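Undergrad: Quick one: structure below, then a few questions.
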């Protein structure tokens, strides 16, 4: 799991490279602007003195002005080329980041199926600001903005700590404590239940956040996986919201399209917690659907009876999760109220999806990746093509036209004959 360290090492020089190129671009921009101002002044002087001088002088001045204009145009083109190089540099690093994220998610899924969904859902929950609960009816009319800047005195000293940071620290402390107590199976139930309750009692409106990653696997590598998950949550919590949610949207789209289902691959230690995979899958499905902003009315279902039973089992599981205070009571309630959910195929894998708003290119209608070649036909509807899709292994010499434009040019040539 060295993807993060490798990527950070790769982009270590990126800020300095961008700064140097932006500085160079700014210098070229000023150079072009100064040249245009001088040329404008020379043109005005030329027209003012044109009638007083000989035709030879006018021709000489006109040639000199045109030459300087072409020089300014070349500088402007060079500035545009530099901007394109900067864009390609950043885009290449973004694609590399997407690839490393996909590898990291697959490595986590190989050890614990479904762990990335829980981590990403918790990250979104940390991003979502929750309104502070005010128990006094006398202050119920106070606006939310005012309560944020003027906290009540009855909340104590913890009001000075941001809620998002507090919940992140509580989550990380729970994960690390579960990982350290993995080797004591006799006290696993008590430790997991007590740490879970202590960590998430601060937010009673989210009872489903009290899952224990320490109980995800009972194998010898469970402690390492839990520690890796804790580090992943910590790194994700420290990222900016824009960059963090970009990769999460793809996972939620895959989950909503039934490309990914939690089944028996979600290996829980049944000897310690007694959770059933179907109960946890139904609970996660209900939680994900309730947090999504998309409407359920537009979704198509193949079997209405199965979907209704799943929704009822999810609601009952959610109510039991919020009412139980210990893991043993939670396991007993879930075992009595859950229904059977169709399990996903064990060989199914999560397909890495790109941003749906990213433009598509080439005859394969896919996003930009790898080496691409541009069609020299200005009216080409596709414009950019992958090397492999058009049978290229290196950059073509001279002008290059795509197969569609080549066929169209041949048809036009045959008509003229």
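Cβ atoms here come from the backbone N, Cα and C positions, even for glycine.
What you see is a predicted model, and the numbers here were worked out from it, not measured in a lab.
Per Swiss-Prot, the features are:
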BINDING   362, 364, 386, 389  Zn(2+) 1 binding site
BINDING   375, 380, 402, 405  Zn(2+) 2 binding site
COMPBIAS  136-152  compositional bias 'Basic residues'
COMPBIAS  156-168  compositional bias 'Basic and acidic residues'
COMPBIAS  189-203  compositional bias 'Low complexity'
COMPBIAS  286-295  compositional bias 'Low complexity'
COMPBIAS  307-320  compositional bias 'Low complexity'
REGION    128-203  region 'Disordered'
REGION    286-320  region 'Disordered'
SITE      361  site 'Histone H3K4me3 binding'
SITE      372  site 'Histone H3K4me3 binding'
SITE      376  site 'Histone H3K4me3 binding'
SITE      384  site 'Histone H3K4me3 binding'
ZN_FING   359-408  zinc finger
Undergrad: Report the residues of the chain - excluding 362, 364, 386, 389 - with C-beta within 8 Å of the mean position of the site's C-beta atoms, for the recorded Zn(2+) 1 site, in sequence order.
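TA: Nearby residues not in the site list: 361, 363, 366, 385, 388, 390.
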Undergrad: List which of the recorded positions 361, 372, 376, 380, 402 have their Cα within 10 Å of the Cα of residue 386 (Zn(2+) 1 binding site), in sequence order.
TA: 361, 372
Undergrad: If you count, for each of the recorded positions 362, 372, the other Cβ atoms lying within 10 Å of its Cβ, which residue has the minimum?
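TA: Counting other Cβ atoms within 10 Å of each of the recorded positions 362, 372, the minimum falls on 372.
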Undergrad: Taking the Cβ of residue 389 (Zn(2+) 1 binding site) as centre, how many other Cβ atoms lie within 10 Å?
TA: 16
Undergrad: For the binding-site residues 375, 405, work out the Cβ neighbour count at 10 Å and name the residue with the minimum.
TA: 405
Undergrad: Using C-alpha atoms only, work out the spacing between residue 364 (Zn(2+) 1 binding site) and residue 384 (site 'Histone H3K4me3 binding') and round it to an integer in Å.
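TA: For residue 364 (Zn(2+) 1 binding site) versus residue 384 (site 'Histone H3K4me3 binding'), the Cα atoms are 11 Å apart.
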Undergrad: For the recorded Zn(2+) 2 site, enumerate neighbouring residues of the same chain (Cβ within 8 Å of the Cβ centroid of 375, 380, 402, 405, site residues themselves excluded), in sequence order.
TA: 376, 377, 382, 383, 385, 401, 403, 404, 406
Undergrad: Rank the binding-site residues 380, 402 by the number of other Cβ atoms within 10 Å of each Cβ, and give the residue at the low end.
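TA: Sparsest of the binding-site residues 380, 402 by Cβ contacts within 10 Å: 380.
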Undergrad: Across all protein chains in the structure, which of the recorded sites 361, 384 has the highest Cβ count within 10 Å?
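TA: Compared across 361, 384, the most Cβ atoms within 10 Å surround 361.
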Undergrad: Which secondary structure state does DSSP assign to residue 389 (Zn(2+) 1 binding site), in the simple three-class scheme?
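TA: Going by the DSSP assignment, residue 389 (Zn(2+) 1 binding site) falls within a helical segment, counted as helix.
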Undergrad: Report the same-chain neighbours of residue 376 (site 'Histone H3K4me3 binding'): residues 6+ apart in sequence with Cβ closer than 8 Å to its Cβ, ordered by sequence.
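TA: Those within reach of residue 376 (site 'Histone H3K4me3 binding'), by Cβ under 8 Å and sequence separation of 6 or more, are 399, 400, 401.
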Undergrad: Just give the helix, strand and coil counts over the zinc finger (359-408), going by DSSP.
TA: 9 helix, 8 strand, 33 coil
Undergrad: Using Cα coordinates, what distance in whole Å links residue 380 (Zn(2+) 2 binding site) and residue 362 (Zn(2+) 1 binding site)?
TA: 11
Undergrad: Look at each of the binding-site residues, 364, 386, and point out the one with the fewest other Cβ atoms around it within 10 Å.
TA: 364
